[in-house]
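Have a look at the structure below, then the notes.
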């Protein structure tokens, strides 16, 4: 539903067939395009072609007059030079990482052979051979508090083992987030969707919010059972939320190089700001109704025993969602249709160019000011929008709270069904199915035609239920492999998951510094971009591993 945009004027041939009028243009390749050829003399449509052009391909659209009297023409698309296979760098990178993984597995298998292990340890440090052999180096510290220890005591008070699957899930989300923020090899599916729809890049932030909610349930239960008062825990919640918001505003913002006093164009919303406020609401809500005593609550419906004891929380969340729905669909926005969910710009045939985001964009511009929100939204390229719009704005924060609450529910499942692996996994499956059904109803299984489309910029409720559906499935798989069958240690994602705040802030602050970025020979090359982005991401994984081995964890 985009209005047609002028691409080129083709001059007339002047009656000479040897010197046909020509015009050269470049077109986008991520999505199919529609080319409309009009006659400038009669302002009539000559031909219309829909085609998905390939990257670096060279094409000719040859237009010939078949009958001058009837003004009929033929339009033929000719491929002069075939497009390149832009996905080969991804395949090559995959093979390289698989080779590294194979080498590491082989080394680990060799290290299980006693003579080999003893020889290696003796070469590394002869004085500490016995201590290294007999100790369990690298086991997570179980004395962490609410800040960085999502599940120490609540899972197994006897062994005080940590749920490695949570750190692995968090680390996987963080690694993909870092890769995407660094450019994702300049592939369209590693970038945020322009408006409606879902790409790989759109999954990671809600997953991070989801696992934060899971950690809240486990850590609060642990702290209260080990004697901490609710007031003490509340002070920690308030302090951590304040620090996250402060770091987001002062450190992780486009103006941090200009100093903390460059307020004129300072972006107020942001990722850490949303995490901090979401954490505050969900943690306070859980603290208000959680109980320090262990054991399960005798519910009249056993299948709902992880839900019914917390019915006030569910009422609060449902009321929040009603607020979001009312503001989104009922709030009057000047010069825009009520309930508008579109991108503005040339979208919707260019009828609402200044209505980007509808009520969500209007609320941010009204309360925060146009200069203090994101100036280059993902809709600006495809839909040529000119209005600033912030994907981490005020209205969308309501649904990020809902997302964290669904993660909180996953944490409650692991508490209520402690050590009952089949029950935990079956509940994850049920919740995933429920979220998927809600998404199917809201979207009508369509990208554009649903009641509420999946939209990361708006953080629509269908976006929350869809990503939550995937989050429950992913957590189920990681939980099964890491904590149930112990077929996987969680490496290498486990390490950044243990130092998530440090990795996130570090990758933002040092984004433009070597060795995370360097000048490329060919800025149009996927291979060079992918190499640079994967190198930077891998370096942060290595840094987090070194910090883990040295038992250095940055806690907030």
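Keep in mind that glycine also has a Cβ here, set from the backbone N, Cα and C atoms.
Just so you know, TrEMBL annotations never went through curation; they're auto-generated.
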When you get a sec, could you say which of 138-156, 271-289, 290-308 is annotated transmembrane segment by TrEMBL?
271-289
Which one of 169-189, 337-357, 358-378 shows up in TrEMBL as transmembrane segment?
169-189
Of the listed stretches (462-481, 493-510, 530-548), which one yields the highest count of Cβ-Cβ distances below 8 Å with the transmembrane segment (169-189)?
493-510
Select the range from 310-331, 394-417, 424-442, 493-510, 530-548 that forms the most Cβ-Cβ pairs under 8 Å with the transmembrane segment (90-111).
530-548
Determine whether the transmembrane segment (394-417) and the transmembrane segment (530-548) share at least three Cβ pairs under 8 Å, counting only pairs 6 or more apart in sequence.
no
For the transmembrane segment (310-331), distant same-chain residues with Cβ under 8 A (at least six beyond the ends):
285-286, 289, 338-339, 341, 358-360, 362-363, 395, 398-399, 401-402, 405, 412, 458, 461
Using a Cβ-Cβ cut-off of under 8 Å, list the residues of the same chain that are 6+ residues beyond the ends of the transmembrane segment (462-481) and lie near it.
163, 165, 168-169, 172, 198, 202-203, 206-207, 210-211, 214, 399-400, 402-403, 406-407, 410, 421, 424-425, 428-429, 431-433, 435-436, 438-439, 442-443, 450, 452-456, 487-488, 490
